[in-house]
């Protein structure tokens, strides 16, 4: 079975993420979406909420599974027998950082990295940008799935709905 992982914080998952995940699902027998647990970074959504959003958004792909991870991604890969990391590249600036990470991951554990160029429709898109625009009342409906947009509006405009960290 050919396996790959698509890692990220997915806070929240965007249509750009989903483009990469769907393309990975077409290339591999099993794609694990690995949602990062980073206690040093304050996320808008808890890891459980982010995993739920990714599961909802990828429900049409039977070969996509969603898990969380902390620590080194290569340790996560090694424990699950995943030999390939899939990363989307939006711009040359992404490549500079991701190439270093790919080389380190290969050096540490022999894990390969496959770079997919982002669909030009999403080349500017990031979770941070979505959150910022939404916080100011901007329309992000074409950038994220509807279910994510509903959760985002609730989180941003209903202060009683803090994440469970």
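Glycine is treated like the rest: Cβ placed from N, Cα and C.
Feature annotations, reproduced from Swiss-Prot:
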BINDING   9, 10, 17, 88, 89, 90, 98, 122, 123, 124, 125, 126, 127, 128  ATP binding site
BINDING   9, 41, 73, 87  substrate binding site
SITE      17  site 'Transition state stabilizer'
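Looking at residue 127 (ATP binding site) and residue 87 (substrate binding site), their Cα atoms lie 15 Å from each other. In the three-state DSSP scheme, residue 41 (substrate binding site) is classed as coil. Pairwise Cα distances among 9, 10, 17, 88, 89, 90, 98, 122, 123, 124, 125, 126, 127, 128, which the record gives as the binders of ATP, peak at 18 Å. Residue 17 (ATP binding site) sits 9 Å from residue 87 (substrate binding site), counting Cα to Cα. The binding-site residues shown are 41, 73, 87; of these, the one with its CA atom nearest the CA of residue 123 (ATP binding site) is 87. Across the binding-site residues listed here (9, 123, 127), the residue whose Cβ sits among the most other Cβ atoms within 10 Å is 127.
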